[in-house]
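Peer 1: What follows is a single structure, and I will ask about it in a moment.
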Ligand SMILES: CSCCC(=O)/C(O)=C/O
Ligand SMILES: [Fe+2]
């Protein structure tokens, strides 16, 4: 099962776990309810895996996909990108990532603006709603390979916090107040 936990605010290496003392795990259903973050496990080595992924793509209209490999040797402008991924930001559209290999951490803000760290490994498919404050870091294995999905022409631009004037942020706050189940 996917692991997620509330983070300490220590300034040590971002690639460490950053558990609270004692560790405080977060509940996926509760996080889904209060943040709109979605999660599926789709095992790429399971016979049903491809069918399940195809069904999800159809259901959610994901008609663009590419593969991104994040490591020193494979990602152009590695240091700059790593810094940018870990700067708190939002996007105007969903961030959809299916983990193919390696591992890393997506950090999201919960409804009380606390950081929740989500550890991702192969088979995890994570959807961060448009307008949610978040960031990403590699862990100490320094490697991840992901499939990125998108609806329509992809836009990857991060809008760093504060981004309260961006319409996806305003929409996100409205949805959060009303409850994501309403949408
Ligand atoms: C692991 S996907 C690369 C990071 C990224 O695209 C992003 O927007 C992080 O928030
Ligand atoms: Fe992002």
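Cβ coordinates are placed from backbone N, Cα and C, and glycine is handled just like the others.
As annotated by TrEMBL, Ni(2+) binding site applies to 89, 91, 95, 134. Taken from TrEMBL, the feature Fe(2+) binding site applies to 89, 91, 95, 134.
Context for these features, please: burial, neighbours, distances.
Peer 2: Cβ environment of residue 134 (Ni(2+) binding site): 88, 89, 90, 95, 106, 107, 108, 109, 128 lie under 8 Å away, each six or more residues apart in the same chain.
Take the CB of residue 95 (Ni(2+) binding site) and look out to 10 A: across all protein chains shown you find 22 other CB atoms.
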Peer 1: Count the other Cβ atoms sitting within 10 Å of the Cβ of residue 89 (Ni(2+) binding site), across every protein chain shown.
Peer 2: 19
Peer 1: If you take the centroid of the Cβ atoms of 89, 91, 95, 134, the listed Ni(2+) site, which other residues of that chain have their Cβ within 8 Å of it?
Peer 2: 90, 128, 132, 133, 135, 158
Peer 1: Are there residues of the same chain, six or more positions away from residue 91 (Ni(2+) binding site), whose CB falls under 8 angstroms from its CB, and which are they?
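Peer 2: Counting only residues 6 or more apart in sequence, the Cβ neighbours of residue 91 (Ni(2+) binding site) under 8 Å are 128, 130, 131, 155, 156, 157, 158, 159, 168.
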